[in-house]
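What Swiss-Prot records for this protein:
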{"type": "CARBOHYD", "residues": "N66", "note": "N-linked glycosylation site"}
{"type": "CARBOHYD", "residues": "N126", "note": "N-linked glycosylation site"}
{"type": "CARBOHYD", "residues": "N169", "note": "N-linked glycosylation site"}
{"type": "CARBOHYD", "residues": "N208", "note": "N-linked glycosylation site"}
{"type": "CARBOHYD", "residues": "N262", "note": "N-linked glycosylation site"}
{"type": "CARBOHYD", "residues": "N273", "note": "N-linked glycosylation site"}
{"type": "CARBOHYD", "residues": "N334", "note": "N-linked glycosylation site"}
{"type": "CARBOHYD", "residues": "N345", "note": "N-linked glycosylation site"}
{"type": "CARBOHYD", "residues": "N434", "note": "N-linked glycosylation site"}
{"type": "CARBOHYD", "residues": "N447", "note": "N-linked glycosylation site"}
{"type": "CARBOHYD", "residues": "N573", "note": "N-linked glycosylation site"}
{"type": "CARBOHYD", "residues": "N666", "note": "N-linked glycosylation site"}
{"type": "REGION", "residues": "51-88", "note": "region 'N-cap'"}
{"type": "REGION", "residues": "699-725", "note": "region 'C-cap/acidic domain'"}
{"type": "REPEAT", "residues": "95-119", "note": "repeat 'LRR 1'"}
{"type": "REPEAT", "residues": "120-143", "note": "repeat 'LRR 2'"}
{"type": "REPEAT", "residues": "174-199", "note": "repeat 'LRR 4'"}
{"type": "REPEAT", "residues": "201-225", "note": "repeat 'LRR 5'"}
{"type": "REPEAT", "residues": "226-250", "note": "repeat 'LRR 6'"}
{"type": "REPEAT", "residues": "323-346", "note": "repeat 'LRR 10'"}
{"type": "REPEAT", "residues": "348-370", "note": "repeat 'LRR 11'"}
{"type": "REPEAT", "residues": "420-443", "note": "repeat 'LRR 14'"}
{"type": "REPEAT", "residues": "445-471", "note": "repeat 'LRR 15'"}
{"type": "REPEAT", "residues": "474-498", "note": "repeat 'LRR 16'"}
{"type": "REPEAT", "residues": "548-569", "note": "repeat 'LRR 19'"}
{"type": "REPEAT", "residues": "658-681", "note": "repeat 'LRR 23'"}
{"type": "SIGNAL", "residues": "1-50", "note": "signal peptide"}
{"type": "TOPO_DOM", "residues": "51-725", "note": "topological domain 'Extracellular'"}
{"type": "TOPO_DOM", "residues": "747-756", "note": "topological domain 'Cytoplasmic'"}
{"type": "TRANSMEM", "residues": "726-746", "note": "transmembrane segment"}
Amino acid sequence: MTNEGRFKAKGFVRTSSTTRPIQALSFHMIGILLQCVLFISVLSIAVSEALCNSQDRESLLWFSGNVSSSVSPLNWNPSIDCCSWEGITCDDSPDSHITAISLPFRALYGKLPLSVLRLHHLSQLNLSHNRLSGHLPSGFLSALDQLKVLDLSYNSLDGELPVEQTFRNGSNRCFPIRIVDLSSNFLQGEILPSSIFMQGTFDLISFNVSKNSFTGSIPSFMCKSSPQLSKLDFSYNDFTGNIPQGLGRCLKLSVLQAGFNNISGEIPSDIYNLSELEQLFLPVNHLSGKINDDITHLTKLKSLELYSNHLGGEIPMDIGQLSRLQSLQLHINNITGTVPPSLANCTNLVKLNLRLNRLEGTLSELDFSRFQSLSILDLGNNSFSGDFPWRVHSCKSLSAMRFASNKLTGQISPHVLELESLSILSLSDNKLMNITGALGILQGCRNLSTLLIGKNFYNETFPSDKDLISSDGFPNLQIFASGGSGLRGEIPAWLIKLKSLAVIDLSHNQLVGSIPGWLGTFPHLFYIDLSENLLSGELPKDLFQLKALMSQKAYDATERNYLKLPVFVSPNNVTTHQQYNQLFSLPPGIYIRRNNLKGSIPIEVGQLKVLHVLELSHNYLSGIIPHELSKLTSLERLDLSNNHLSGRIPWSLTSLHYMSYFNVVNNSLDGPIPTGSQFDTFPQANFKGNPLLCGGILLTSCKASTKLPATTTNKADTEDEEELKFIFILGVATGFFVSYCFYWCFFARLDAFISK
């Protein structure tokens with residue numbers, strides 16, 4: 001048998017000589033591959049252990065153990081590399097130190113952990129929009145001497161800025177901090193040169209401490225040490241004194257904000273050297289003097305807001321050199337003169353507000369044709385004269401316009417219909433004519449939501465249905481005010497078509513007739529003022545079916561858009577500064593004082609649970625004060641004075657805990673004045689003219705006046721008294737019956753016992 005046969009007999013197959021080296025090579029390569037895999041695995045473990053610096057890791061774990069969040073807790077897993085934890089960034093060094101912590105909007109609360117100070121390589125720390133509290137620790141920058149960005153805004157930090165004493169390593173090199181944002185906290189005290197972030201900082205580019213309670217003078221020394229500063233924000237604090245000279249050293253400054261403080265004096269001249277300035281925000285202070293002509297040097301200025309100060313003088317004639325201006329707000333000052341013609345060169349203006357100054361001139365002569373981007377125009381409360389400025393129709397982007405409280409004459413131009421985006425129009429307190437023509441034109445403004453035209457059209461007749469033929473006019477009107485004009489006629493029925501109406505003011509006119517019940521059908525109406533008219537008849541029950549006043553849910557369904565201009569619903573409110581920037585800020589109320597209404601107050605009034613104000617004074621209302629008024633749990637003001645109301649003041653009104661004003665002067669009320677709750681705070685004068693009232697805050701005792709004829713008491717109170725009498729009699733009768741039964745049973749058994 002051959003060798004090949006022997007191999008086959010044993011079950012083997014002979015391989016060729018060429019296959020044996022290949023198999024050996026394959027086994028060798030597999031071995032090498034396994035060694036590589038093992039090496040990579042060991043290397044990855046070693047690298048993994050080396051990625052996270054152990055000291056930094058312990059500091060972070062200490063950090064997470066000292067802050068909490070019920071909304072978004074820190075789920076840092078101690079078993080994995082800390083460089084992979086959420087919000088953590090490490091450098092590429094062999095030790096892999098922590099260089100950044102970014103955990104905004106996590107609802108973290110607790111003290112700012114001191115363990116952060118051990119992260120000596122930290123360059124960025126962002127813990128903004130949380131609930132951290134406590135003081136900033138002393139030595140903050142000395143420990144974190146690599147920190148470049150610090151954002152602790154929107155927290156609850158308090159106390160003063162600590163004084164920085166020494167550097168961590170004893171060297172004299174400066175801190176590299178570049179961005180500091182401590183806004184929206186509760187920090188206080190003065191910002192001194194030795195304060196943290198001030199001593200040894202030479203690279204600051206942004207410093208924001210707005211919305212705190214800092215006091216003293218606005219610091220300017222950082223402009224000397226950090227000339228690269230581009231943003232300074234000191235607004236919404238309690239800084240006092242003058243704006244210091246020295247801010248002009250910040251030649252790179254693009255944003256300077258110090259509004260809403262108590263600073264005074266003039267704007268320093270070196271401010272006008274800031275050629276890079278884009279925003280100058282100094283409103284709501286006590287600044288005086290005039291706006292210097294040198295302000296035209298700030299050619300990069302986009303926003304100039306100096307409103308609510310005591311500035312005088314005229315607007316610089318060359319204001320048009322500020323061609324990049326987008327917002328010019330100089331309202332509520334004492335600025336005089338005319339609007340410079342060069343203002344037309346500010347073609348990028350989006351918002352122009354010069355309200356409440358002493359400006360004059362003819363508005364119709366102003367060139368509005370170049371303001372193609374203008375969205376908000378407010379020239380109210382000045383002394384502008386002439387016809388309605390028809391050229392304003394060139395401002396195609398205009399959405400809000402106010403010329404109220406000026407001396408405008410003539411009629412509203414049909415060109416206003418070209419302002420397709422117009423949503424707010426305030427023309428109150430002028431000398432405009434032809435209300436029928438005005439409303440006929442304005443009903444075509446499809447986007448108009450607020451129309452204030454009161455104190456115009458004196459002694460004209462309110463247009464009737466036949467005068468306004470459009471069936472779909474004012475489709476989006478929410479606020480309509482035409483009070484103070486002495487308008488004649490009746491409340492027009494065409495108003496019922498305004499289904500979006502939420503606020504209506506027809507006060508201070510000469511309207512006659514009755515109050516239509518359909519006023520109660522508006523789904524969103526929550527504010528009605530019909531005061532000081534000649535309206536007669538009774539209060540319609542349907543008026544108290546207003547859905548928006550019957551439930552909080554329906555009231556909340558009313559659109560709550562932010563108004564682009566503050567609204568003075570009644571033109572008389574301008575002097576008392578009762579302005580509203582949001583529709584729902586108006587107190588839900590019904591004002592019908594000083595009319596000729598008679599009859600009783602409908603009990604349906606108790607359905608208006610959202611009502612805050614009810615004024616029915618100076619009418620001829622009679623009957624009782626309905627106890628259903630106690631269901632108005634949101635009521636703050638109730639004025640029923642100067643009517644013919646009788647009976648008692650319902651004791652149930654003491655449950656109205658929000659009621660801060662109550663007046664029933666000059667009625668025919670009797671009985672005791674309720675005590676307790678808010679009734680202990682109302683002055684005695686609010687009850688005068690009711691000789692039969694007693695008790696409470698009055699000196700008159702109720703001993704001689706508690707027994708009053710039933711006709712002078714409230715029906716509800718009488719029913720309560722009758723019910724009490726019935727219960728008393730029933731109780732006495734029951735007692736006699738039980739006693740008799742007991743007596744009979746006892747003596748019956750006694751007789752039986754004796755007989756035995």
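Using the three backbone atoms N, Cα and C, a Cβ is placed for every residue, glycine included.
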If you rank the glycosylation sites N126, N447 by how many other Cβ atoms lie within 10 Å of their Cβ, the lowest count goes to N447
How big is the Cα-to-Cα gap, in Å, between N262 (N-linked glycosylation site) and N126 (N-linked glycosylation site)?
31
Ten-angstrom check, please: count other Cβ atoms within 10 Å of the Cβ of N273 (N-linked glycosylation site), all chains counted.
17
If one takes Cβ-Cβ under 8 Å and requires six or more residues beyond its ends, the residues near the repeat 'LRR 11' (348-370) are 302, 307, 323-339, 341, 376-392, 394-395, 397, 402-403, 406, 408
Under a three-state reduction of DSSP output, how is N208 (N-linked glycosylation site) classified: helix, strand, or coil?
strand
Can you tell me which parts of the same chain pack against the repeat 'LRR 23' (658-681), counting only residues 6+ beyond its ends and a CB-CB cutoff under 8 A?
617, 625, 633-651, 687-690, 692-698, 702, 705-706, 708, 712-713, 717
Which number gives the other C-beta atoms within 10 angstroms of the C-beta of N434 (N-linked glycosylation site), all protein chains shown included?
16
Using C-alpha atoms only, work out the spacing between N666 (N-linked glycosylation site) and N66 (N-linked glycosylation site) and round it to an integer in Å.
65
Pick from N66, N208, N262, N334: which of these glycosylation sites has the biggest number of other Cβ atoms within 10 Å of its Cβ?
N208
N345 (N-linked glycosylation site), number of other Cβ atoms within 10 Å:
18
Compare the Cα of N126 (N-linked glycosylation site) against each of the glycosylation sites N66, N273, N334, N434, N447 and report the nearest.
N66
Students should find that the Cβ of N666 (N-linked glycosylation site) has, within 10 Å, a number of other Cβ atoms equal to 17
Averaging the pLDDT values of the topological domain 'Extracellular' (51-725) gives 90
Quick check: of the glycosylation sites listed here (N66, N345, N434, N447), which one has the Cα closest to that of N208 (N-linked glycosylation site)?
N66
